[in-house]
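Look at TrEMBL and you will find 52-303 tagged as domain 'G-protein coupled receptors family 1 profile'. Annotation comment: TrEMBL describes 12-31, 37-59, 71-93, 113-131, 151-174, 207-236, 248-271, 283-305 as transmembrane segment.
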Amino acid sequence: MRHIQSKIVMTTFNLSSFNPGPFILLGIPGLEQFHVWIGIPFFMFYIVALAGNSVLLYLISMERSLHEPMFFFLSMLATTDLILSNTCVPKTFSIFWLGPQEITFPGCLTQMFFLHYSFAMDSAILLAMAFDRYVAICFPLRYTTILTRQIVTKIIMGIVSRSFCIIFPCVFLLKRLPFCRTLIIPHTYCEHIGIARLACADISINIWYGFAVPVLTITSDLILIGISYTLILHAIFNLPSWNARQKALNTCGSHVCVILIFYTPAMFSVLTHRFGHDIPHSFHILIANLYVAIPPALNPIIYGVKTKQIREKIILHFFIKRPR
């Protein structure tokens, strides 16, 4: 009898280790009665993100005047925002409107990878855009010789490779874990530590890697962005005329807004997870959802409003009727 029980336990362990059943995403525990109403703005954010980033990509690809390093990085940001939106938001408002949803283990790992990959990509792209603005303002006469097509291509490949190398180990760190508990995730999407906490094994490696490596990487990006803008401001305030200073500041305005929209909720979420033990869990999840929904929707609007070249092309393509 003991032999049979032991065999059943081993079979369950093996199945849970290598082939866990579907996970169940609950949404925002404690706010279930408001799910339908919360889903409405999330759906609107999703539509705006799809439309806005698609328009940006269309304009940058079609207009030769926008084939500059700044707009190449902007198109990369728009692509990453589309990946982020499509990875999380549709599942989110389906949970809000239809109730808890199942997701397979491979599906959960895929969602987790693209979620964190998009986060790492966004941070690296914002750093590249800060470097672009630094060169444009501090070395305007050498801009085209410094940021050549070859250099821009290398920067883009470095961004893609670094983000992949940071996040891909998380997949293996999760696949090695045995899952033998009820696979219920009190969230609207799969993220690394949320999945790891369901495992029946020591997850200290997951915790250390999931917190230390990405946070150190994002922190280093933020420090380098800060250094870039310190040098940019120093160069701007040394310009001889007020008009020149105003023009230089305007070229950085949209990028600074996007940086604030990206890093503020992200840092707030990290700090509240570490130190905000008295803050309700539902509030943590709501902030995490706003982070994946709002920046992809606002970024194209900010660049469309504050960037003269893009604003002019939008008016030309969509609001001025061309003669037949």
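Placed from the backbone N, Cα and C atoms, the Cβ positions cover glycine too.
Packing against the transmembrane segment (71-93) from elsewhere in the chain are residues 25, 39, 42-43, 45-46, 49-50, 53-54, 56-57, 60-61, 101, 103, 111, 114-115, 117-119, 121-122, 125-126, 128-129, 132, 152, 156, 159, 188-189, 258, 289, 292-293, 295-297, 299-300, 303, 309: each is 6 or more residues past its ends and has a CB under 8 Å from a CB in it. For the transmembrane segment (248-271), the most Cβ-contacting stretch among 37-59, 113-131, 151-174, 207-236, 283-305 is 283-305 (pairs under 8 Å). Two recorded stretches are said to be in contact when at least 3 C-beta pairs lie under 8 angstroms, sequence spacing 6 or more; the transmembrane segment (113-131) and the transmembrane segment (151-174) meet this definition. Confidence annotation: the domain 'G-protein coupled receptors family 1 profile' (52-303) carries a mean pLDDT of 87 in the model.
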